[in-house]
(Lines of atoms letter the chains of each structure in order from A and count residues from 1; the text may use other names and numbers.)
(Lines give C-alpha, C1' and ligand atoms only; values in the text may rest on other atoms or scores of the structure.)
Protein backbone atom coordinates (compact mmCIF):
# COMPACT_ATOMS: atom_id res chain seq x y z
CA UNK A 1 0.00 0.00 0.00
CA UNK A 2 1.20 3.49 -0.87
CA UNK A 3 0.44 6.71 0.98
CA UNK A 4 0.83 10.38 0.10
CA UNK A 5 3.90 12.50 0.76
CA UNK A 6 2.28 14.49 3.57
CA UNK A 7 1.24 11.25 5.31
CA UNK A 8 4.74 9.78 4.95
CA UNK A 9 6.24 12.91 6.51
CA UNK A 10 3.77 12.71 9.38
CA UNK A 11 4.92 9.17 10.15
CA UNK A 12 8.61 10.00 9.82
CA UNK A 13 8.29 13.00 12.15
CA UNK A 14 6.86 10.71 14.83
CA UNK A 15 10.09 8.70 14.65
CA UNK A 16 12.28 11.79 14.85
CA UNK A 17 13.08 12.49 11.20
CA UNK A 18 13.22 16.26 10.54
CA UNK A 19 10.96 17.10 7.60
CA UNK A 20 9.62 20.16 5.86
CA UNK A 21 6.11 20.96 7.08
CA UNK A 22 2.95 22.26 5.51
CA UNK A 23 -0.81 21.90 5.25
CA UNK A 24 -2.88 19.60 3.06
CA UNK A 25 -5.93 20.72 1.08
CA UNK A 26 -8.64 18.30 -0.04
CA UNK A 27 -11.28 20.83 -1.18
CA UNK A 28 -10.86 23.79 -3.52
CA UNK A 29 -12.86 26.07 -1.22
CA UNK A 30 -10.25 25.51 1.51
CA UNK A 31 -7.26 26.64 -0.57
CA UNK A 32 -7.31 30.34 0.26
CA UNK A 33 -7.78 29.97 4.01
CA UNK A 34 -5.12 27.26 4.17
CA UNK A 35 -2.55 29.46 2.44
CA UNK A 36 -3.47 32.35 4.74
CA UNK A 37 -2.49 30.17 7.72
CA UNK A 38 1.09 29.78 6.45
CA UNK A 39 3.50 32.51 7.50
CA UNK A 40 6.23 32.31 4.88
CA UNK A 41 7.78 34.27 2.03
CA UNK A 42 8.01 31.29 -0.32
CA UNK A 43 5.30 28.69 -0.90
CA UNK A 44 5.77 25.25 -2.45
CA UNK A 45 2.60 23.75 -3.91
CA UNK A 46 2.74 19.98 -4.43
CA UNK A 47 0.25 17.69 -6.15
CA UNK A 48 -0.42 14.62 -4.01
CA UNK A 49 -0.60 11.56 -6.25
CA UNK A 50 0.88 8.08 -5.94
CA UNK A 51 3.44 8.55 -8.71
CA UNK A 52 6.94 9.89 -9.14
CA UNK A 53 8.10 12.54 -11.58
CA UNK A 54 5.70 15.20 -10.27
CA UNK A 55 8.23 18.02 -10.50
CA UNK A 56 9.02 17.56 -14.19
CA UNK A 57 5.30 17.18 -14.96
CA UNK A 58 4.33 20.47 -13.31
CA UNK A 59 3.07 18.93 -10.09
CA UNK A 60 5.49 20.86 -7.85
CA UNK A 61 5.56 24.65 -8.16
CA UNK A 62 7.05 27.55 -6.20
CA UNK A 63 5.20 30.79 -5.47
CA UNK A 64 6.64 33.94 -3.89
CA UNK A 65 3.44 35.57 -2.65
CA UNK A 66 0.11 34.52 -1.16
CA UNK A 67 -1.74 35.66 -4.27
CA UNK A 68 0.52 33.67 -6.58
CA UNK A 69 0.30 30.62 -4.29
CA UNK A 70 -3.49 30.74 -4.34
CA UNK A 71 -3.60 30.97 -8.14
CA UNK A 72 -1.12 28.10 -8.57
CA UNK A 73 -3.02 25.93 -6.08
CA UNK A 74 -6.40 26.58 -7.74
CA UNK A 75 -4.92 25.85 -11.18
CA UNK A 76 -3.33 22.60 -9.95
CA UNK A 77 -6.28 21.19 -8.00
CA UNK A 78 -8.37 18.77 -10.05
CA UNK A 79 -6.07 18.53 -13.06
CA UNK A 80 -4.99 15.22 -14.59
CA UNK A 81 -1.27 15.09 -13.93
CA UNK A 82 0.68 12.97 -16.41
CA UNK A 83 4.12 11.73 -15.31
CA UNK A 84 6.41 8.97 -16.54
CA UNK A 85 4.83 6.69 -13.90
CA UNK A 86 1.12 7.43 -14.41
CA UNK A 87 0.85 6.43 -18.04
CA UNK A 88 -0.79 8.64 -20.69
CA UNK A 89 -4.11 8.71 -18.82
CA UNK A 90 -2.55 10.61 -15.91
CA UNK A 91 -3.79 10.81 -12.34
CA UNK A 92 -6.35 13.31 -11.06
CA UNK A 93 -5.07 15.66 -8.35
CA UNK A 94 -7.58 15.48 -5.49
CA UNK A 95 -5.18 16.72 -2.80
CA UNK A 96 -2.43 19.31 -2.72
CA UNK A 97 0.20 19.91 -0.06
CA UNK A 98 1.34 23.48 0.56
CA UNK A 99 4.67 23.95 2.33
CA UNK A 100 6.93 26.77 3.42
CA UNK A 101 9.89 27.01 1.05
CA UNK A 102 13.49 26.83 2.27
CA UNK A 103 17.00 27.39 0.94
CA UNK A 104 18.77 24.28 -0.33
CA UNK A 105 22.55 24.07 -0.10
CA UNK A 106 22.91 20.42 -1.14
CA UNK A 107 20.61 17.52 -2.08
CA UNK A 108 21.06 13.82 -1.23
CA UNK A 109 19.17 10.60 -1.82
CA UNK A 110 18.41 8.21 1.05
CA UNK A 111 16.19 5.14 1.26
CA UNK A 112 15.70 1.80 2.94
CA UNK A 113 14.21 -1.19 1.12
CA UNK A 114 13.59 -4.86 1.65
CA UNK A 115 15.98 -6.51 -0.82
CA UNK A 116 14.36 -9.85 -1.68
CA UNK A 117 17.22 -10.96 -3.90
CA UNK A 118 19.70 -10.63 -1.03
CA UNK A 119 17.21 -11.58 1.73
CA UNK A 120 18.13 -8.54 3.78
CA UNK A 121 17.26 -4.95 4.51
CA UNK A 122 19.32 -2.51 2.44
CA UNK A 123 20.07 1.18 2.83
CA UNK A 124 20.63 3.02 -0.46
CA UNK A 125 22.16 6.49 -0.46
CA UNK A 126 23.72 8.91 -2.91
CA UNK A 127 25.20 12.39 -3.03
CA UNK A 128 23.12 12.85 -6.21
CA UNK A 129 19.72 13.67 -4.72
CA UNK A 130 16.63 15.34 -6.12
CA UNK A 131 16.79 13.32 -9.34
CA UNK A 132 15.61 9.92 -10.55
CA UNK A 133 17.79 7.43 -8.67
CA UNK A 134 17.41 4.85 -11.46
CA UNK A 135 19.05 7.32 -13.85
CA UNK A 136 21.91 7.85 -11.39
CA UNK A 137 22.39 4.09 -11.04
CA UNK A 138 22.54 3.72 -14.82
CA UNK A 139 24.80 6.65 -15.65
CA UNK A 140 26.88 6.98 -12.47
CA UNK A 141 26.72 3.68 -10.55
CA UNK A 142 29.74 4.70 -8.49
CA UNK A 143 27.55 7.37 -6.88
CA UNK A 144 25.25 4.74 -5.34
CA UNK A 145 26.07 3.62 -1.80
CA UNK A 146 24.55 0.44 -0.33
CA UNK A 147 24.65 -0.96 3.19
CA UNK A 148 23.04 -4.35 3.89
CA UNK A 149 21.52 -5.04 7.30
CA UNK A 150 21.16 -8.62 8.55
CA UNK A 151 17.60 -8.94 9.93
CA UNK A 152 18.92 -11.29 12.63
CA UNK A 153 21.27 -8.68 14.13
CA UNK A 154 19.51 -5.49 13.07
CA UNK A 155 20.91 -2.00 12.68
CA UNK A 156 24.41 -1.51 14.10
CA UNK A 157 26.42 1.61 14.84
CA UNK A 158 28.81 0.89 11.97
CA UNK A 159 25.91 1.14 9.51
CA UNK A 160 25.07 4.64 10.75
CA UNK A 161 28.71 5.76 10.81
CA UNK A 162 29.37 4.28 7.39
CA UNK A 163 26.43 5.98 5.69
CA UNK A 164 27.30 9.36 7.21
CA UNK A 165 30.94 8.97 6.18
CA UNK A 166 30.19 7.86 2.60
CA UNK A 167 27.90 10.86 2.11
CA UNK A 168 30.67 13.17 3.27
CA UNK A 169 29.07 14.39 6.49
CA UNK A 170 31.24 15.54 9.39
CA UNK A 171 30.77 16.69 12.97
CA UNK A 172 27.20 17.84 13.69
CA UNK A 173 25.86 16.85 10.27
CA UNK A 174 27.30 13.35 10.70
CA UNK A 175 25.52 13.14 14.06
CA UNK A 176 22.26 14.28 12.44
CA UNK A 177 22.62 11.69 9.68
CA UNK A 178 23.18 8.89 12.17
CA UNK A 179 19.99 9.88 13.98
CA UNK A 180 18.06 9.95 10.69
CA UNK A 181 19.35 6.48 9.73
CA UNK A 182 18.25 5.11 13.10
CA UNK A 183 14.84 6.80 12.93
CA UNK A 184 14.14 5.62 9.38
CA UNK A 185 15.18 2.06 10.27
CA UNK A 186 12.85 2.02 13.28
CA UNK A 187 9.97 3.38 11.19
CA UNK A 188 10.65 0.75 8.51
CA UNK A 189 10.59 -2.15 10.97
CA UNK A 190 7.75 -1.03 13.21
CA UNK A 191 5.32 -0.12 10.41
CA UNK A 192 6.02 -3.20 8.25
CA UNK A 193 7.16 -1.02 5.37
CA UNK A 194 8.81 -2.40 2.25
CA UNK A 195 10.34 0.93 1.24
CA UNK A 196 10.98 4.35 2.75
CA UNK A 197 12.48 6.89 0.37
CA UNK A 198 13.65 10.43 1.11
CA UNK A 199 14.47 12.28 -2.10
CA UNK A 200 15.78 14.80 -1.61
CA UNK A 201 17.33 14.85 1.82
CA UNK A 202 18.79 18.36 1.96
CA UNK A 203 21.14 20.60 3.87
CA UNK A 204 19.31 23.87 4.50
CA UNK A 205 20.76 27.34 5.04
CA UNK A 206 21.19 26.61 8.76
CA UNK A 207 23.36 23.59 8.02
CA UNK A 208 20.68 21.14 9.17
CA UNK A 209 19.46 18.00 7.41
CA UNK A 210 15.83 17.99 6.31
CA UNK A 211 13.62 15.51 4.46
CA UNK A 212 12.09 17.58 1.67
CA UNK A 213 10.12 14.76 0.07
CA UNK A 214 9.17 11.31 1.36
CA UNK A 215 7.57 8.13 0.12
CA UNK A 216 6.56 5.03 2.08
CA UNK A 217 5.26 1.72 0.75
CA UNK A 218 3.80 -0.84 3.16
CA UNK A 219 3.46 -4.61 3.03
CA UNK A 220 -0.25 -5.29 2.51
CA UNK A 221 0.09 -8.50 4.51
CA UNK A 222 1.07 -6.51 7.60
CA UNK A 223 -1.66 -3.88 7.45
CA UNK A 224 -3.96 -5.77 9.83
CA UNK A 225 -1.54 -4.79 12.60
CA UNK A 226 -1.68 -1.08 11.72
CA UNK A 227 -5.26 0.25 11.53
CA UNK A 228 -3.91 3.81 11.78
CA UNK A 229 -1.90 3.26 8.60
CA UNK A 230 -4.72 1.43 6.83
CA UNK A 231 -6.89 4.50 7.49
CA UNK A 232 -4.47 6.53 5.34
CA UNK A 233 -5.35 4.53 2.23
CA UNK A 234 -6.57 6.72 -0.63
CA UNK A 235 -8.84 4.58 -2.81
CA UNK A 236 -9.01 7.35 -5.42
CA UNK A 237 -5.35 6.60 -6.19
CA UNK A 238 -6.00 2.91 -6.81
CA UNK A 239 -7.57 1.13 -9.74
CA UNK A 240 -11.22 0.42 -8.77
CA UNK A 241 -10.98 -3.12 -10.14
CA UNK A 242 -7.88 -3.79 -8.04
CA UNK A 243 -9.71 -2.51 -4.95
CA UNK A 244 -12.72 -4.67 -5.75
CA UNK A 245 -10.48 -7.70 -6.23
CA UNK A 246 -8.65 -7.11 -2.95
CA UNK A 247 -11.99 -6.97 -1.12
CA UNK A 248 -12.84 -10.35 -2.65
CA UNK A 249 -9.52 -11.87 -1.58
CA UNK A 250 -8.09 -11.89 -5.11
CA UNK A 251 -4.69 -10.70 -6.33
CA UNK A 252 -5.40 -8.58 -9.41
CA UNK A 253 -3.26 -6.15 -11.37
CA UNK A 254 -4.63 -4.47 -14.47
CA UNK A 255 -2.37 -4.46 -17.54
CA UNK A 256 -2.48 -3.08 -21.08
CA UNK A 257 -3.41 -6.13 -23.15
CA UNK A 258 -6.72 -7.66 -24.24
CA UNK A 259 -6.57 -11.28 -23.01
CA UNK A 260 -7.98 -11.70 -19.52
CA UNK A 261 -6.24 -14.29 -17.34
CA UNK A 262 -7.59 -16.25 -14.39
CA UNK A 263 -4.99 -18.50 -12.80
CA UNK A 264 -4.27 -20.06 -9.41
CA UNK A 265 -0.78 -19.35 -8.10
CA UNK A 266 1.43 -16.33 -8.76
CA UNK A 267 4.12 -18.35 -10.54
CA UNK A 268 1.65 -20.01 -12.89
CA UNK A 269 -0.01 -16.63 -13.49
CA UNK A 270 3.29 -15.09 -14.57
CA UNK A 271 4.07 -18.07 -16.78
CA UNK A 272 0.63 -17.71 -18.37
CA UNK A 273 1.23 -14.03 -19.12
CA UNK A 274 4.64 -14.82 -20.58
CA UNK A 275 3.34 -17.47 -22.95
CA UNK A 276 0.49 -15.21 -24.13
CA UNK A 277 3.12 -12.67 -25.14
CA UNK A 278 5.20 -15.43 -26.74
CA UNK A 279 2.25 -16.24 -28.99
CA UNK A 280 1.92 -12.63 -30.10
CA UNK A 281 -0.65 -11.06 -27.76
CA UNK A 282 -0.68 -9.18 -24.45
CA UNK A 283 -2.37 -10.07 -21.14
CA UNK A 284 -5.04 -7.71 -19.83
CA UNK A 285 -4.36 -8.56 -16.21
CA UNK A 286 -2.62 -10.61 -13.58
CA UNK A 287 -5.23 -12.46 -11.54
CA UNK A 288 -4.45 -15.11 -8.95
CA UNK A 289 -7.57 -16.66 -7.41
CA UNK A 290 -5.44 -18.42 -4.79
CA UNK A 291 -5.38 -22.00 -3.64
CA UNK A 292 -8.51 -21.89 -1.50
CA UNK A 293 -10.92 -20.18 -3.87
CA UNK A 294 -14.54 -21.26 -3.80
CA UNK A 295 -17.25 -21.02 -6.44
CA UNK A 296 -18.22 -17.45 -5.47
CA UNK A 297 -14.64 -16.20 -5.65
CA UNK A 298 -14.19 -17.74 -9.10
CA UNK A 299 -17.41 -16.08 -10.23
CA UNK A 300 -16.28 -12.71 -8.87
CA UNK A 301 -12.89 -13.13 -10.57
CA UNK A 302 -14.54 -13.57 -13.97
CA UNK A 303 -16.82 -10.59 -13.34
CA UNK A 304 -13.79 -8.43 -12.56
CA UNK A 305 -11.99 -9.58 -15.72
CA UNK A 306 -15.05 -8.82 -17.85
CA UNK A 307 -15.43 -5.38 -16.25
CA UNK A 308 -12.37 -4.37 -18.26
CA UNK A 309 -13.76 -3.21 -21.61
CA UNK A 310 -10.45 -3.96 -23.33
CA UNK A 311 -10.79 -7.72 -22.73
CA UNK A 312 -11.45 -9.57 -26.00
CA UNK A 313 -10.91 -13.10 -24.69
CA UNK A 314 -10.29 -15.02 -21.46
CA UNK A 315 -7.79 -17.74 -20.64
CA UNK A 316 -8.47 -19.81 -17.52
CA UNK A 317 -5.43 -21.84 -16.49
CA UNK A 318 -5.87 -23.93 -13.35
CA UNK A 319 -3.64 -26.55 -11.80
CA UNK A 320 -5.71 -28.26 -9.13
CA UNK A 321 -3.81 -28.96 -5.96
CA UNK A 322 -5.70 -27.47 -3.06
CA UNK A 323 -7.96 -25.88 -5.68
CA UNK A 324 -10.38 -28.40 -7.22
CA UNK A 325 -11.05 -28.25 -10.94
CA UNK A 326 -14.77 -28.98 -10.49
CA UNK A 327 -15.08 -25.87 -8.28
CA UNK A 328 -13.51 -23.79 -11.05
CA UNK A 329 -15.93 -25.28 -13.58
CA UNK A 330 -18.94 -24.49 -11.39
CA UNK A 331 -17.72 -20.92 -10.89
CA UNK A 332 -17.33 -20.40 -14.64
CA UNK A 333 -20.87 -21.63 -15.29
CA UNK A 334 -22.29 -19.48 -12.47
CA UNK A 335 -20.55 -16.38 -13.85
CA UNK A 336 -21.82 -17.11 -17.34
CA UNK A 337 -25.40 -17.33 -16.09
CA UNK A 338 -25.10 -14.12 -14.06
CA UNK A 339 -23.37 -11.82 -16.53
CA UNK A 340 -22.94 -13.73 -19.75
CA UNK A 341 -19.56 -14.45 -21.28
CA UNK A 342 -19.65 -13.17 -24.84
CA UNK A 343 -15.92 -13.29 -25.55
CA UNK A 344 -13.90 -16.40 -26.45
CA UNK A 345 -13.12 -18.51 -23.37
CA UNK A 346 -10.27 -21.02 -23.33
CA UNK A 347 -9.99 -23.31 -20.29
CA UNK A 348 -7.05 -25.48 -19.37
CA UNK A 349 -7.57 -27.67 -16.30
CA UNK A 350 -5.14 -30.10 -14.67
CA UNK A 351 -4.91 -31.79 -11.28
CA UNK A 352 -7.50 -32.55 -8.61
CA UNK A 353 -10.92 -33.57 -10.00
CA UNK A 354 -9.85 -32.57 -13.51
CA UNK A 355 -12.09 -35.10 -15.27
CA UNK A 356 -15.09 -34.02 -13.22
CA UNK A 357 -14.34 -30.39 -14.04
CA UNK A 358 -14.08 -31.10 -17.75
CA UNK A 359 -17.34 -33.05 -17.63
CA UNK A 360 -19.16 -30.16 -15.95
CA UNK A 361 -17.95 -27.74 -18.62
CA UNK A 362 -18.68 -30.05 -21.56
CA UNK A 363 -22.24 -30.65 -20.32
CA UNK A 364 -22.91 -26.92 -20.12
CA UNK A 365 -24.24 -24.82 -22.98
CA UNK A 366 -21.19 -22.57 -22.91
CA UNK A 367 -18.98 -22.30 -25.97
CA UNK A 368 -15.80 -23.16 -24.11
CA UNK A 369 -12.60 -23.96 -25.98
CA UNK A 370 -10.75 -26.72 -24.09
CA UNK A 371 -6.95 -26.90 -24.04
CA UNK A 372 -4.74 -29.78 -22.95
CA UNK A 373 -1.63 -27.81 -21.94
CA UNK A 374 -0.38 -24.25 -21.47
CA UNK A 375 1.05 -23.82 -24.96
CA UNK A 376 -2.15 -25.16 -26.52
CA UNK A 377 -4.22 -22.78 -24.36
CA UNK A 378 -2.17 -19.73 -25.32
CA UNK A 379 -2.26 -20.59 -29.00
CA UNK A 380 -6.03 -21.13 -28.97
CA UNK A 381 -6.93 -17.89 -27.14
CA UNK A 382 -4.66 -15.80 -29.37
CA UNK A 383 -6.18 -17.36 -32.49
CA UNK A 384 -9.71 -16.94 -31.09
CA UNK A 385 -9.45 -13.16 -30.68
CA UNK A 386 -7.95 -12.53 -34.12
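Yeah, the Cβs are placed from backbone N, Cα and C, and that goes for glycine too.
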Given that Swiss-Prot records 321, 322, 323 as binding substrate, the matching residue among 264, 285, 363, 379 is 264
Of 46, 64, the one that Swiss-Prot places in the same ATP site as 53, 54, 55, 99, 102, 107 is 46
Counting Cβ atoms within 10 Å of each Cβ, the densest environment among the binding-site residues 102, 322, 323 belongs to 323
When each of the binding-site residues 199, 264 is scored by other CB atoms within 10 A, the minimum falls on 199
Whole-Å Cα distance, residue 322 (substrate binding site) to residue 107 (ATP binding site), is 52
Of all C-alpha pairs drawn from the ATP-binding set 46, 53, 54, 55, 99, 102, 107, the farthest apart lie at a distance in Å of 21
Spacing of the two Cα atoms, residue 99 (ATP binding site) and residue 213 (Mg(2+) binding site), in whole angstrom, works out to 11
Residue 264 (substrate binding site) to residue 53 (ATP binding site), Cα to Cα, whole Å, comes out at 35
Least surrounded, by Cβ count within 10 Å, of the binding-site residues 99, 107, 213 is 107
